[in-house]
6 protein chains.
Amino acid sequence: MGNTDGFQPVSGFDLPRFAGVPTFMRLPLMGLSDPRLAQVDVGFLGLPWDAGTTNRPGPRHGPRQVRDLSTMIRAQHGVSGVRPFDLVNCADLGDVPPNPADLQDSMSRITAAVSQVRQARVLPVAVGGDHLCSLPVLRAVATDGPVGLVHFDSHTDLFHSYFGGSLYTHGTPFRRAIEEGLLDPARMVQIGIRGTAYDSEDREFAADQGVRIITIEEFFDRGVADVMAEARRIVGQGPTYVTYDIDFVDPAFAPGTGTPEVGGPTSFQALQVVRELRGVNIVGADLVEVSPPFDNAGGTAFLAASILFEMLCVIAPRLAAAKAD
Amino acid sequence: MGNTDGFQPVSGFDLPRFAGVPTFMRLPLMGLSDPRLAQVDVGFLGLPWDAGTTNRPGPRHGPRQVRDLSTMIRAQHGVSGVRPFDLVNCADLGDVPPNPADLQDSMSRITAAVSQVRQARVLPVAVGGDHLCSLPVLRAVATDGPVGLVHFDSHTDLFHSYFGGSLYTHGTPFRRAIEEGLLDPARMVQIGIRGTAYDSEDREFAADQGVRIITIEEFFDRGVADVMAEARRIVGQGPTYVTYDIDFVDPAFAPGTGTPEVGGPTSFQALQVVRELRGVNIVGADLVEVSPPFDNAGGTAFLAASILFEMLCVIAPRLAAAKAD
Amino acid sequence: MGNTDGFQPVSGFDLPRFAGVPTFMRLPLMGLSDPRLAQVDVGFLGLPWDAGTTNRPGPRHGPRQVRDLSTMIRAQHGVSGVRPFDLVNCADLGDVPPNPADLQDSMSRITAAVSQVRQARVLPVAVGGDHLCSLPVLRAVATDGPVGLVHFDSHTDLFHSYFGGSLYTHGTPFRRAIEEGLLDPARMVQIGIRGTAYDSEDREFAADQGVRIITIEEFFDRGVADVMAEARRIVGQGPTYVTYDIDFVDPAFAPGTGTPEVGGPTSFQALQVVRELRGVNIVGADLVEVSPPFDNAGGTAFLAASILFEMLCVIAPRLAAAKAD
Amino acid sequence: MGNTDGFQPVSGFDLPRFAGVPTFMRLPLMGLSDPRLAQVDVGFLGLPWDAGTTNRPGPRHGPRQVRDLSTMIRAQHGVSGVRPFDLVNCADLGDVPPNPADLQDSMSRITAAVSQVRQARVLPVAVGGDHLCSLPVLRAVATDGPVGLVHFDSHTDLFHSYFGGSLYTHGTPFRRAIEEGLLDPARMVQIGIRGTAYDSEDREFAADQGVRIITIEEFFDRGVADVMAEARRIVGQGPTYVTYDIDFVDPAFAPGTGTPEVGGPTSFQALQVVRELRGVNIVGADLVEVSPPFDNAGGTAFLAASILFEMLCVIAPRLAAAKAD
Amino acid sequence: MGNTDGFQPVSGFDLPRFAGVPTFMRLPLMGLSDPRLAQVDVGFLGLPWDAGTTNRPGPRHGPRQVRDLSTMIRAQHGVSGVRPFDLVNCADLGDVPPNPADLQDSMSRITAAVSQVRQARVLPVAVGGDHLCSLPVLRAVATDGPVGLVHFDSHTDLFHSYFGGSLYTHGTPFRRAIEEGLLDPARMVQIGIRGTAYDSEDREFAADQGVRIITIEEFFDRGVADVMAEARRIVGQGPTYVTYDIDFVDPAFAPGTGTPEVGGPTSFQALQVVRELRGVNIVGADLVEVSPPFDNAGGTAFLAASILFEMLCVIAPRLAAAKAD
Amino acid sequence: MGNTDGFQPVSGFDLPRFAGVPTFMRLPLMGLSDPRLAQVDVGFLGLPWDAGTTNRPGPRHGPRQVRDLSTMIRAQHGVSGVRPFDLVNCADLGDVPPNPADLQDSMSRITAAVSQVRQARVLPVAVGGDHLCSLPVLRAVATDGPVGLVHFDSHTDLFHSYFGGSLYTHGTPFRRAIEEGLLDPARMVQIGIRGTAYDSEDREFAADQGVRIITIEEFFDRGVADVMAEARRIVGQGPTYVTYDIDFVDPAFAPGTGTPEVGGPTSFQALQVVRELRGVNIVGADLVEVSPPFDNAGGTAFLAASILFEMLCVIAPRLAAAKAD
């Protein structure tokens, strides 16, 4: 597999970063019916939808702002020297249109779009949107049986229901995903959990199911390398999904989110944890809960774009190697 | 009817305006089961709910910010000298708790709360929330047959449906209200309509039904006094509901809203139109679409509070006179 | 001439307004080498460049933010009912890449791009960028002799030079354009001029050349209709360029600009003046000086988008009629 | 009297407006003991003090921000062509240092500083600070008997006391000034009064004293020219002080203030009313209540600077003529 | 002692967090004359007052914003599992009304209110307001002799006077408290001190008195656990007051304050230090200097609410145990 | 050498920090032709110029905002107790006026101004402006041969050219400086380098030249003390220039900059690295890339001022000692 010139991001030397219609990392934009889709290896897909949000809305505006700030991403990783766009063909696959008035319909649309992406043998990287978006993505990803999960977040999102029985909110997606057989609890790890709690219902469920929770206290005590080594052991070599809630990061570094929890990691650690996913068999990923109305000057969206590039630099070499075989 | 000392707003001379837990106009806060409710004449009710919003969310945060800025309202009208709190007993009746995950349930809760308010013979003034909130309020208000409507807005909100059939959004409430027999189209007037349009479906529906639309061009040509005289003629002396979308006002004066339209009235005219409702038989009112995430320094919420006070100064004298009979 | 389905903007009923990669008015995006260019009648072209700015920079970010807010524009004019996208084929032609390090090269690139647009028989509507951008556009537009100019602005931009001899800044473009024979001074009108002045050099030059200046005092005294009737008489039926500096509008309505002048028109008047250009033989237009760093919540960019739509509703019927002949 | 080169503001052609330490209108900065003071005709004096503020603080930061934005003022009036810096010598006299912990001491300091300014035969133009600042200025100005007052504001500031007897707040200065014999009530006019009221105490006091109040309703009904003609008649040719509370202007145009009242004049009218003071025997002036924490992007401070320049263009010609005699 | 249902915070499952009039942690609001006060164990009291501020004002708005953001606090501690509202009865006791025009009167009012709280055997937790507020609180708390002090701050607040002799500013409260015999210097520890200094006067006073100062350099060198173990030794088991100036935390995590000092702890450490107060005999506490005008999107207020909850989780178990005896 | 009273900063006890025209650290302001210049030891010089910026402009406004926030700096270092203003005479030397329309002329002006400063035997500390400003400063500093460089930054700024051959942008200054013989590559160290890269061209150039690059990963691994010991070894005792790009610091601590890179040091480390420069033979320094349009509430400018004070506390003792010899 080689790369196609058409899949290189526009360079800031050719078109200044403030110019041009912004796509994810300045990649070519193509719809799901575009014939070039067949050549794509990794596709970024926007999920501008936040109907699962129970407090402060805004993530529906996330994909647009992440695209805007992602124009500041360049082509080469600063530490590893990886040049992902030379290794695999990447594209911006646009946004899945939600139905603001119908939650179930919106979820169906996401599942359908991601299914189409995967049928084209494109690895999906979704950009939310709130965390409920992960559920319909997983429905399209876990088609051959439950997958493993590396989950960065300050919340477990494992609650049963909200507001007198509502099963689908941004606090419940992974409970649903386990119940639906999309996730293998024994191959799940949640990292960064903190903040005040309603009660222990979510943690008891996790304990019952065998989901491993690494609180922020444990995270800081052990350090990134040790924690992530355990995470890699937990998911092993089976197919694994990575979900990254931007509220994993401390709100000083990522203020633009609806349900912040103080006392979190720095932006350096925010990147490190992703870098430590090297070797994991990632079959899909998402980054969610960027909320532009709370994101002064776009810093949270830029951090999100930096995390997405870090993800890509973990995914691309493995994908390129696999295809080379 | 006299007034009860307990219903006077806290004065800024006693408690500085920045101090204290903010209620609407610093009135006493009471739940719907509070025994004092029987003494209340006009009740402000928060509707923190925006599930009907089709673009930029935020009005769910409206009631809280309007309460905050309403602490700057004093006890006497600057022009007429009306002192509404001396004429009628007013109170903050708190917020109706929406169900963020269930639109129909949320509407039912609003209807139930307003019904309870009206059963206590309290005139409801609702503070949204998005414009879909007006529909469940009207269901509780129009219990004795269709009512008239004075509607300040830049949009007609008379569309049939959105997004492939969704009947309940903030672009459809008055279409539904007409269909449900809550409004008498012949006694409806919409003032300030402007902005780009999807098509003419809403205006054709209005024309068919006999709803009078006064565009912003006509409004500026004729002036406030002439337009409002016509509005009073249209609604006559029958029971009338007043609904005020803050996007009626030009976004320079009211930036904090989700669907602004440029080219609107000033804040002076925003108050004038309400003042010209004197003599109208108002049975309920609302002010909607204040969206704090877009409201730098609270100016829109302060304008909203000023409009609400203007409404009160129209409602209170008539109510006091009626009770005196 | 009919319209092609492919040139319709995406409707907010199909794709919510917060979703999708934003193009001008949600029109199809195409490069200048796209074969579809031959079908286009009106092309929006971004000029993200502000090297001519002498005080507060920022307009380089203008096209991106105008695109974002223009997603709130719908397909039909609210007053006239004109549906421009049914009359002519419109497209977003992307941005001209400036050279941030070379002013003359940047101007050459703009002239080249607009020339290419015009050779494809597409009417260019440019979105700046600062006001110096108008000069290279005019070089591409006035290829058959000097054109007339309707110029909305708070400044004349007729100065000779800045900073000890600099000929090319955003305060000099129309002086240069007259000198270069691109504009016919006798067919030029500048509307809205106000604010403190360095001296009278610009006004004396205007008087010498026969350029008509209508100050804001005269504008308010006479009213929009009378002023614009004179403007139409001045430019007559010859080819005319329209240039709109957003600082024409009062900074309460358009804070997002680098050189505001208080005491300007409202947003309603901002649209009216464009509407009154009906019948003018417009061969090109621009809207400049939107500066996102000063534009809280995007209100200025939304006003800019509304003005651009108003321009389009003046241009499209005449163009459609001309082609129908 | 001629002007001294040393008193010209720095031109934006020599030093870009964003460069340099900002002084009022880029004038020379000099302390009150500077020997050049003897040459000064009009002196701008900062009063960074807001201990009289009863609600939202911030005007203490006003002088600094007004200086910053006043760098955008140029040397010539756009309408009249007056070049004030060619007519009289102007200077920035720095700030009077308040004592944040002692209100009476702060007032004494202001009176002392303004007295020193006047002894040097410099006409003082003060920049607040909150409106209580006007009182100590008046104590230094009205040394030869009560003066007349033209007062632009949305509030009368004529209350007796606040908070159980506090005599010195920003709601009481002109009551105190009348009591102290600094103002002649028969030569006082208050323009723009509006907003909700505590009660009628202030208006009754005004009526008793013969102070003329022109409400905003009367202002809009009669128009600027008619109202200001009356204002000129009221103050006549006796010595007159001009006080301008920025909350006179509608908060859409001047959001940066602590006690806004909606429904006010535009920025165009904000300048017009000052322009109509031509011929008035102004012996001192102030502009107060600019509050930077509420002034997004500095628009209010720029309006304030524009008003100050307008004041200067009224003061300078008369002063130059008087001196020429 | 059991808990009373009436003292449970409103759950986000019942009333969404954006709804309802915000009280501290959604607890019941009651005035000091409310008969329920007798049942309260811990009372949150707002002190909206900043007359002691020597630079940038704003903390007067602090209690209101902390209440707003505290609606995001849930019922259970994430690490320890402590559920404070199940252990003790908590309430929001409203705000003490300051007299903006009289500093000494304001201090008297605070002392009186806290005395009343303590007479009802309620442990007071005050929310400022600026740091001078701690002095009148201490006057009500140290009624049985001097108490110990754990003081988190970037400044010592031990200066003698400001501005030529002013004894009461936010830089002097603990000097006064020692002089008045309210604090036992030998049982005082100040943690986090940093930033530029006027001189060494405060530190020399501390050294003379035996007050222990732990600079931020020592804090980072030794780590939280070691430093806090020393703090616990210093205050021992005697009655101890805890005062927390939000500017203890680095301004990246807590920008909303008037006198920030860079180079401070993270938000994680901000919580840790409180958690390490377990076992201390806390008789009162405060959190001060949250300044909403500088707090974009409320992050500082949310951190403050998180710290208050952390305090409560230290106070409640000890109080419950003591009462159980 | 003693200090002159006239060179002491104005104390916040005499003039509150919010009052007065702000100069760097409230030092006396003097032009380069001021006779007092001969007495100055260290001069702060503003370089309000950003024509080298390739993406988001704004640093032209940097010097003004740094001056404003530097009013919060006091006279004594909190850790070392150094009182720099007692050791050396410091002054604010104003701004070098750039020519916004001519990059080469602007660079010449900076070089000329710094040369004049150095001829007066004043050590220059420049405040940008963008990073290209360092080049003309170095041209004035390295007059006796190449100097060493301690360079704090997230970018190497060692690129050859941008945009098809532009040699002078904020990404190229140190490449030019090496080529021009202004810097000794063997005595250069760059600290904090991180972020995505265009390619490896800059790093290869560094390697070829012998420039030492310490990435952020190495920085965090080794710690400040170890890294800075190496830095001191690299530059040795030869004349050394210190350049500090504020984007060295993590954007959570320094959001106000145009090209942020996440994953950087804290504000504590930002000061530490400077403190570790003790003993270095500093002959000039700068701090660049503070961009006010992105600096909410001035936090970045305050950090910049704190870093400048830290620099001064390293420079002053050495300078005083040298002069004492």
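Each residue's number is its place along the chain shown, starting with 1.
A Cβ is built for glycine as well, from the same backbone N, Cα and C atoms used for every other residue.
Given the structure is predicted, the values throughout are model-derived calculations rather than measurements.
Here's what TrEMBL has on this protein:
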BINDING   E:His131, E:Asp153, E:His155, E:Asp157, E:Asp245, E:Asp247  Mn(2+) binding site
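Apart from E:His131, E:Asp153, E:His155, E:Asp157, E:Asp245, E:Asp247, the Mn(2+) site neighbourhood in this chain, defined by C-beta within 8 angstroms of the site C-beta centre, holds E:His151, E:Ser154, E:Thr156, E:His170, E:Phe248, E:Thr259, E:Val288, E:Glu289.
Under the DSSP three-state reduction, E:Asp245 (Mn(2+) binding site) is assigned to strand. Fewest other C-beta atoms within 10 angstroms, among the binding-site residues E:His131, E:His155, are seen around E:His155. Residue density at E:Asp157 (Mn(2+) binding site): 26 other Cβ atoms are found within 10 A of its Cβ, drawing on all protein chains shown. For the binding-site residues shown (E:Asp153, E:Asp245), fewest C-beta neighbours within 10 angstroms: E:Asp153. In the structure as shown, the Cβ atom of E:Asp247 (Mn(2+) binding site) sits within 10 Å of 28 other Cβ atoms.
Taken residue by residue with DSSP, E:Asp153 (Mn(2+) binding site) is part of neither helix nor strand, so it is coil.
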